[in-house]
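Contents: one structure, followed by commentary.
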Amino acid sequence: MMLFFSSLYDWLPGVNVFRYITFRTVAAMLTSGLIVFLFGPSIISSLKVRQGKGQPIRADGPQTHFKKAGTPTMGGLMILSGVVISALLWGNLFNIYLWVSLFVMLFFGAIGFYDDYLKVTKQTDKGFSGKARLSLEFLVASIASFIILQVGSPGLALPFVKEYFINLGWFFIPFSACVVVGLGNAVNLTDGLDGLAIVPVMVASLSFALIAYLSGNINFADYLQIHYVSGVGELAVLLGAVFGAGLGFLWFNAPPAAIFMGDTGSLALGGLLGIVSVATKHEIVLIFIGGLFVLETLSVIIQVGWFKLTKKRVFLMAPIHHHFEKKGWTESQIVVRFWIIAIVLALIGLSTLKLR
């Protein structure tokens, strides 16, 4: 919206700065962060009153989690509110990538909200039917992937390789849908400790903001020999808003958390990162930048698969952050060490931009 005022620079000195993606990205960060920080306390109070007992605690989980009883969930509403308002204020409202990404984020958030609602009202850790939930997620992701295919190419870029793309054809749609749904649920699995998921999400958002900016600039894309995608640079503004909202949310989600993100936030943010990786043609790089989420998901797959084969467990509990809880690590140790892993993996992912 503010981009409109840049056309009035002859009458309003200084508004020309609104043309620059870098300026609007920083402005989006500050705006979303301020929104979440200022309105967070009232939202938390409202959710606490409405939810009563708060998010139910798993009976088979670590004993230390029972002290979290009564903590409200659906904190993703705070994040999504800040992101949407900030993105609409500072983003280019004529950019298709912005709208497709918001579409995925909000619909995944709605699915997560319904899941949280069922868990809170029924006081059970079993929410929305798994099959129904996945079906809706794949439907939303497929629609978004189809739209991106209409405005872009069906190519899959490979890191470390110069100017080589695999033409996926119509297979681009199911492949992209799997990326979006996979990451949405991967972030959801990671969100099991206070502050554990939000910082890696912020790290990934900042990393993909840089990738989107470079991929959307023909000069930088040519220099780095990465796939140029016209208009995708606008996603840097949206991802900047995610980073800012994440900072605001971390203020309340830091141990001991005053509120949990819930499926409302984790599904929405994971789905958003997934569709951004598709739009920027960096789906494979997502494996590195979102590496912590991948590791958490793999731990669940390994645990379930091995148990079905041998009736034995590889980990004391999955996802893997619970394994370390059972090993005696404190929650703060796990969270901070996993943050470090997320940052290192993101740096490795960003290094692929130059290593070709």
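A Cβ is built for glycine as well, from the same backbone N, Cα and C atoms used for every other residue.
Annotated in Swiss-Prot:
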- 25-45: transmembrane segment (TRANSMEM)
- 70-90: transmembrane segment (TRANSMEM)
- 93-113: transmembrane segment (TRANSMEM)
- 138-158: transmembrane segment (TRANSMEM)
- 164-184: transmembrane segment (TRANSMEM)
- 195-215: transmembrane segment (TRANSMEM)
- 232-252: transmembrane segment (TRANSMEM)
- 258-278: transmembrane segment (TRANSMEM)
- 284-304: transmembrane segment (TRANSMEM)
- 333-353: transmembrane segment (TRANSMEM)
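Contact between the transmembrane segment (138-158) and the transmembrane segment (25-45) is not supported: fewer than 3 Cβ pairs lie under 8 Å, counting only residues 6 or more apart in sequence. Here the transmembrane segment (258-278) has Cβ contacts under 8 Å with residues 40, 44, 47, 55, 71-80, 100-101, 104-109, 111-113, 115-116, 127, 137, 140-141, 144-145, 148, 176, 179-188, 190-191, 197-198, 201, 204-205, 208, 212, 235, 238-239, 242, 249, 252, 285-286, 290, 293 of the same chain, all six or more residues outside its ends. The recorded stretches the transmembrane segment (195-215) and the transmembrane segment (232-252) share 3+ CB pairs below 8 A when only pairs 6 or more apart in sequence are counted, and are therefore in contact. Contact count against the transmembrane segment (25-45) (Cβ pairs under 8 Å) is highest for 232-252, out of 93-113, 164-184, 232-252, 284-304. Highlighted: of the candidate stretches 164-184, 232-252, 284-304, 232-252 has the greatest count of Cβ pairs under 8 Å to the transmembrane segment (93-113). When Cβ-Cβ distances below 8 Å are used as the criterion, the transmembrane segment (164-184) is approached by residues 104, 108, 134, 137-138, 141-142, 144-146, 148-149, 153-158, 227, 266-268, 270-271, 273-275, 277-278, 281, 283, 286, 290, 293, 297 of the same chain, each at least six residues removed from its ends.
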